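The structure appears below as structure tokens.
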Amino acid sequence: MNGNFIRRLTWGLFIIVIGVVLMLRQGGAIDFDIGDLISKLWPLFPLFLGFQNLLQTLVSGKGSIIGSSILMIVGFVFLGRNLDWFSWSIGELIKFAGPFIIILFGIGMIIRPRRNKKENLPDEDWKAYPYGPTEQQVPPAPPLHPDPTKQPVNLKKNDDSEQAVPTPSNLPPNSNGREANGHNTGIGNGNYSPYHNPSGTSYPPYMHPKMQKWARRTERFRERMERRGHRHHDRMEWWNHDPNAQTRSGFIGDIYVGHDYWELKPMNISHFIGDTVLDLTKAQILPGETRVHISSFIGDVKVFLPNDFEVGIHVISSAFIGDVAVLDHKEGGIFKNMNIETPYYKETDKKVTLVVSTFIGDVRVTKVG
């Protein structure tokens, strides 16, 4: 998580607390005078700013620990004087300010050593992550397209002893894709899935139950957003139900996919709290359409695409709270949806469809190279 997310989170919580206090006052649960409250509790504002800057410095490594500490100390001193906790004067505070600043400067040098200027890169620029050794063999090229004029070769001979494969056409008349006890197996109607469950949602069996519950809630929320903002489009599936799709899930932390040369396949990535980074610059993209679904609850989603004109990119992104930056388009606010595809997307042989959804966080999809 970057400093921008920490700043939005702390300010959001601060505004929520103010709203709750005002709502309790209107409901008669608490009674206070707003003018008297502001005159006594105004030092909470510099105290809050100092705490926010300190938290942002510890998370992103950018900022000043000394400045944050001074803001917190000044806010605490004035708050204590207004609430009669102690009777320190400004002169006494200035008398100890010089030695205290020297102490904070020494602590800052110990905790956070000085870095080179080459390491101070902006967050907007792309940078490689230290995933490990990269000197490995490049995977072989994908096979060529089969010749459409060539007749398929039947390697199996007709054998009477060979058992017939059950299909919807040779099932018994009274089966219709149902078992003897009347339960629907899903074979007769062509909706069979190895991960099928009675609830109608298909998820891998090894997926954590809490993640399955959260994924179902996210899918329902995205369907509501789709009905509001995309009524003129076709229905968009926010989860890839392909049984051959790879699945990556996490609860707390960061997820990095694509640290080395790899073959891109249909993929589902679901994350609860943390950043999600997908690097396709070293991916081997096969001919046809490859769908990648990324779903995150709290955290930023960053996708790096190769700058290759032979690869068509179609990005469908959705964010409840946060900024959305896809290629050359950028929007911010609440309930932001974006549907963008590169020029000549339908004419390209290699297509990548990215479906990115997040609740709180930024979405960035950029081309590298």
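Indices start at 1 and increase along the chain as displayed.
Placement of Cβ uses the backbone N, Cα and C atoms for every residue, glycine included.
Note: TrEMBL annotation is automatic and uncurated.
Pulled from TrEMBL:
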COMPBIAS  164-202  compositional bias 'Polar residues'
DOMAIN    10-117  domain 'LiaF transmembrane'
DOMAIN    251-365  domain 'Cell wall-active antibiotics response LiaF-like C-terminal'
REGION    122-208  region 'Disordered'
TRANSMEM  9-28  transmembrane segment
TRANSMEM  63-81  transmembrane segment
TRANSMEM  93-111  transmembrane segment
Distal contacts, the transmembrane segment (9-28) - CB-CB under 8 A, six or more residues away: 48, 51-52, 55, 321, 360
Secondary structure tally of the domain 'Cell wall-active antibiotics response LiaF-like C-terminal' (251-365) (DSSP, helix then strand then coil): 0 helix, 80 strand, 35 coil
When the pLDDT values for the domain 'Cell wall-active antibiotics response LiaF-like C-terminal' (251-365) are averaged, what is the result? 85
